[in-house]
Structures are given as C-alpha cells and as structure tokens.
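J.: The L-tyrosine binding site annotation in Swiss-Prot covers Tyr39, Tyr165, Gln169, Asp172, Gln187, and the record cites sequence analysis as its basis. Summarising the annotation, Swiss-Prot assigns ATP binding site to His49, Trp52, Lys241. For 238-242, the entry in Swiss-Prot reads motif ''KMSKS' region'.
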Amino acid sequence: MVRVDVEERFNRIARNTVEIVTEEELKGLLASGARIKGYIGYEPSGVAHIGWLVWMYKVKDLVEAGVDFSVLEATWHAYINDKLGGDMDLIRAAARIVRRVMEAAGVPVERVRFVDAEELASDKDYWGLVIRVAKRASLARVRRALTIMGRRAEEAEVDASKLIYPLMQVSDIFYMDLDIALGGMDQRKAHMLARDVAEKLGRKKPVAIHTPIISSLQGPGRMEASQGEIDDVLAEVKMSKSKPETAVFVVDSDDDIRRKIRKAYCPAKQVQGNPVLEIARYILFARDGFTLRVDRPAKYGGPVEYTSYEELERDYTDGRLHPLDLKNAVAESLIEVVRPIRGAVLGDPAMKRALEAIEGKVTR
C-alpha cells in the first residue's frame with residue numbers, strides 16, 4: 001500500500017515536467033514519511049500570461065501529493081531585476097494579483113504559504129547566509145547563472161546588484177530549509193548551483209523539479225542559429241510579459257485569444273517549438289478529464305475528439321489534423337480556461353485598478 005501511494009504521488013508530481021534532479025531522491029523523500037517542504041519563487045513583475053499556469057498547475061500537483069508548499073513572492077528580486085520601474089508598491093500589487101490568479105486557476109491557496117521576500121531580507125541571518133553562499137561560488141559561475149533573470153552574463157557590467165540575485169535565490173532555498181525547488185527550465189542554473197553549494201555547506205541538496213517553458217506565439221525565430229546555451233535560448237523564445245504579441249495573458253478577451261492563437265506559429269506536422277501544441281499539452285491536457293473537441297466540416301474529416309495529448313500529437317504529425325483546425329480548437333478550450341481567471345481579476349475593482357497601473361510599467 002505504501003509503495004503504491006509513493007508511486008501515485010511521484011507520478012502526479014512528475015507529469016508534465018522536463019526533468020527531476022533526481023528522481024531517486026524525490027522517491028526517497030516520498031517514501032520516508034517525513035514532512036516534505038517545497039517552494040517556487042517568482043518575480044511579481046507584471047500581468048501573468050498563460051505560461052505561468054504551467055507552474056501553478058504543478059504547485060497544485062505538489063500540494064495534492066502532500067508537499068508542504070511555499071510560494072516566495074520575490075519582491076526584492078524583482079527590484080534588482082528592474083521590474084515595474086523598481087516601484088515596490090507596484091511589485092507588491094502584482095503579487096496580490098498573482099495570488100488571485102492562482103486561486104482562480106484552481107490552486108488550493110489555503111494550503112499554500114505565501115512568503116514576501118521582505119520577510120527574508122529583514123533578517124540579518126539571511127544576509128549572513130548569502131555571504132556564505134557567495135564564498136563558495138565562483139564569480140564565473142554566478143555570472144553564468146544570470147540567465148535565471150532573463151539576462152545575459154554581460155548585463156552584470158551595468159548593475160552589480162545583478163550578481164547578488166543568484167546568490168539570493170540559492171540562499172532562499174537554504175534559509176527556508178527546503179527539500180524541493182520548483183521552477184521552469186530557465187531556473188535550472190540556480191537550482192544546480194544550490195545543489196553544488198549545499199554539499200560545500202553541509203546542507204541537504206534540494207530536489208530540483210523543472211517544468212517546460214511555453215514557446216513564444218511568434219515561433220522560435222533564429223533559435224536554430226543560436227550558439228548560446230539552452231538557458232539563453234529559452235530566454236529568447238519563451239512567452240514574455242514585455243512582448244504582448246508573444247503571449248496570451250490571463251486577462252485577454254475571448255477575441256484577443258482567438259486572434260493571437262490564429263496568428264500563432266504552428267507549422268504543419270511539426271511538434272518541436274510549436275506553441276499551439278505546447279498549450280494543448282501543458283495547459284489544456286494538464287487538467288484531469290479534459291477532452292479537446294475539434295469542430296470541422298465533414299469534407300475535412302468531420303468533428304473529432306481527443307482525450308489524450310498523445311492522440312492529438314499523433315494525428316497532427318501524421319497530417320490528419322490541419323493547423324487551422326488545431327488552432328481553432330485550442331483557442332476555444334483556452335478561452336474556457338482563461339475566462340474564470342479574467343473574471344476573478346477584472347471583477348474586483350481594486351484588482352482592476354492595480355492591473356491598470358501595472359500594465360503601463362511592464363519592463364523587460
């Protein structure tokens with residue numbers, strides 16, 4: 001019975017992830033019967049797009065798997081990263097909106113601990129930990145980790161505070177005494193740094209769980225010509241709050257969603273880098289019991305329903321499903337996902353005012 005329970009919990013956590021470092025360590029945690037503490041940190045930096053739903057759904061999975069989960073509202077991190085013009089009031093307002101989005105997206109927020117980075121930064125012991133982490137990380141390693149901010153290593157030349165950011169992220173994990181660190185693949189370097197430094201400090205190594213990054217609606221561009229590392233490439237091709245046409249936002253209207261998906265990069269028979277298929281896989285089919293209905297005229301094959309992503313991908317790669325039919329089906333299903341979230345945010349006058357103030361200040 002215990003083994004079955006561990007497998008069920010592991011499978012729930014592992015689904016729709018890119019990697020777990022390491023799977024054996026995670027299974028060991030689940031089998032131990034001990035309290036497991038996990039977290040994700042995010043920058044409250046603007047209006048959430050649907051790519052954020054990927055990690056929000058994974059938070060739900062972890063909570064339902066019995067993990068004691070915290071969400072770090074990385075306000076000071078956002079300030080260092082020049083988000084929202086460095087206006088801490090706007091940054092905190094953005095955090096309040098994200099909480100509402102999580103709740104409307106079905107995350108059991110009553111079982112999640114929300115932590116403002118101010119809580120950490122106000123403790124002198126936290127800064128002592130940052131210094132100890134810095135003593136055990138080379139400057140070159142820290143510079144390479146700047147991609148976790150959506151920045152390139154050379155951008156540290158402009159503002160030295162950028163170098164503190166990776167050290168803070170590693171220290172967050174140690175300060176909160178975490179067993180699991182969740183993040184997108186763009187956070188991998190910080191998590192690997194944390195695992196390396198943990199050994200040097202005699203601390204437990206966090207299990208790193210990495211979720212996929214939803215590609216820009218505009219496609220990969222010159223990704224195939226890039227000589228950068230995977231983190232750099234991901235930063236270039238993912239949905240971005242500062243580039244509205246690359247993303248669907250959780251407050252977009254039905255018509256905007258249809259328009260954006262209709263224009264999205266979606267080459268026939270191609271899976272890699274296809275944002276429409278990624279939305280289907282990581283957002284739509286991530287929900288239990290979801291069925292994608294494709295309505296099309298009889299002369300093009302007639303209506304068809306897909307109860308699994310694997311069925312959808314097979315028909316698409318075989319050419320039995322046209323890109324336009326895929327787009328139309330995904331758009332209509334995505335509208336159903338976004339509609340209650342949009343209503344929860346825009347239906348609250350205070351949230352709506354905060355959103356309007358934030359929208360004009362979104363920065364790279």
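Just so it is clear, glycine is given a Cβ too, placed from its N, Cα and C backbone atoms.
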J.: From the Cα of Trp52 (ATP binding site) across to the Cα of Tyr165 (L-tyrosine binding site), what is the distance in angstrom?
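T.: Cα-Cα, rounded: 21 Å.
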J.: Using C-alpha atoms only, work out the spacing between Tyr39 (L-tyrosine binding site) and Trp52 (ATP binding site) and round it to an integer in Å.
T.: 15
J.: Across the listed L-tyrosine-binding residues, Tyr39, Tyr165, Gln169, Asp172, Gln187, what is the farthest Cα to Cα distance, given in whole Å?
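T.: The two farthest binding residues have Cα atoms 17 Å apart.
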J.: For Trp52 (ATP binding site), which of the binding-site residues Gln169, Asp172, Gln187 has the nearest Cα in space?
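T.: Smallest Cα separation from Trp52 (ATP binding site) among Gln169, Asp172, Gln187: Gln187.
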J.: Rank aside, I only need the closest one: which of the binding-site residues Gln169, Asp172, Gln187 has its C-alpha nearest to that of His49 (ATP binding site)?
T.: Gln187
J.: I need the least crowded one of these binding-site residues (Tyr39, Trp52, Gln169, Asp172, Gln187), counting other C-beta atoms within 10 angstroms of each C-beta.
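T.: Trp52, out of the binding-site residues Tyr39, Trp52, Gln169, Asp172, Gln187, has the fewest neighbouring Cβ atoms within 10 Å.
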J.: Does DSSP put Trp52 (ATP binding site) in a helix, in a strand, or in coil?
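T.: Trp52 (ATP binding site) sits in a helix per DSSP.
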